[in-house]
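Noted in Swiss-Prot for the protein shown:
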REGION    1-21  region 'Disordered'
COMPBIAS  8-21  compositional bias 'Polar residues'
BINDING   Asp32, Ser33, Tyr64, Gly65, Asn97, Thr98, Thr210, His211  substrate binding site
ACT_SITE  Cys96  active site, proton donor/acceptor
ACT_SITE  Cys209  active site, proton donor/acceptor
Amino acid sequence: MAIARQDVNISSPEATTSDAQSTANPTVLVFDSGVGGLSIYREIREKLPDAHYIYVFDNEAFPYGEKPQEFIIERVVRIVSAVAQQHELAAIVIACNTASTVSLPALRAKFTDIPIVGVVPAIKPAAKLTCNGVVGLLATRATVKRPYTHELIERFATECKVHLLGSAELVELAEKKLHGEKVSCDELRRILAPWLKMKEPPDTVVLGCTHFPLLEEELLSVLPDGTRIIDSGGAIARRTAWLVVNQDKIRGSKEISFAYCLKEDEYSELLKPVLADFGFKMLRKLAL
C-alpha cells in the first residue's frame, strides 16, 4: 500500500484553528469549474470552522481543461465579480489548477482589496521529499501541457525525473464518487499503467488537480508500496486562514454557507445532497 497523503507546507505564515475561531464569520469564496474544489474547501474549513463559505462551481462551462486561456480568464473574472457585487468577501480561493495558472494576475489586478489564493501543483515539496529522484505529476491534460507547469519543474525539480500523466477520466471518476458510485481500481490501474509498468516508478506523486484528493483512498490502494501522495490543499488552507485572521477589517456575514451553480440542470440537482453533506444547505443559480 502507498503512503497516505503528505501535508506539505508550501505557503507562508501558518494559522491555527484557535486563531481562526477568533474571526467573526468572515465570508470566504471558494471557486472551481466543478466539485474538485470541495477538497480544498474541506481543508480550509478545518482551519476556519466558524467562517461563512460560498462555493461556486461553473457547471455551464465545465470542464475548463480544453478551453482557451482568454476564455478562462474572462469567465473567472466575470463570475468572481458577480459574487463580489453581492457579498462582502474576506478572501477568494481559486480552487482549480487550470483557472489558477491563467487567471490570478487578472483577478489580483481587479480585486486589489481582497486577498486571493490560487492552487498550483506541489512540485517544489515533491522534489524535496522524493527518495529515488522520480516524481510523478498527476493532473489534467491541460495542466500537464501548460507552460506554467513546466516552469515549476524547471525552477524546483531540475535534479529529478518528473513524469507527467494527464487524465480527464480521473476527473470523471471523482465526480462519480461524489455521487455515491464505486470507483473501479481496475480502471485506475489502466489510467496509471504508464507509471505502474516502469522499472523505477515515481516514489512521490503530486495530485495536480483538486478533484484527485477525492480519490486518495483508491489511488493509495493501486500505487506501489511506499509511494507518497502530496497535494497543496493543506498549504492553501493555512495561507487562506492566515490572510483572513490577520485582516484589519473583518468582513462578516450572518448567512448560512451556500453554493452557486451557473446552470440549473439535472446535474446540479443531483449535486444538492452532496453539497449538503459538505455543509452547503442551499444551491442557487448565479446570474452573470
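Backbone N, Cα and C atoms are what each Cβ position is placed from, and that goes for glycine too.
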According to DSSP, does Thr98 (substrate binding site) sit in a helix, a strand, or coil?
helix
So, in DSSP terms, is Asp32 (substrate binding site) helix, strand, or coil?
strand
Hey, for the substrate site built from Asp32, Ser33, Tyr64, Gly65, Asn97, Thr98, Thr210, His211, who else sits with CB inside 8 A of the CB center?
Gly34, Gly36, Gly37, Pro63, Cys96, Ala99, Thr140, Val171, Cys209
In whole Å, note down how far the CA of Cys209 (active site, proton donor/acceptor) lies from the CA of Asn97 (substrate binding site).
6
If I take the alpha carbons of Ser33 (substrate binding site) and Cys96 (active site, proton donor/acceptor), what is the distance between them in whole Å?
7
Cα-to-Cα gap, His211 (substrate binding site) vs Cys96 (active site, proton donor/acceptor), nearest whole Å:
9
So if I measure Cβ to Cβ from Tyr64 (substrate binding site) and keep only same-chain residues at least 6 apart in sequence, which ones fall under 8 Å?
Ser33, Asp58, Ile72, Cys96, Thr98, Ala99, Ala142
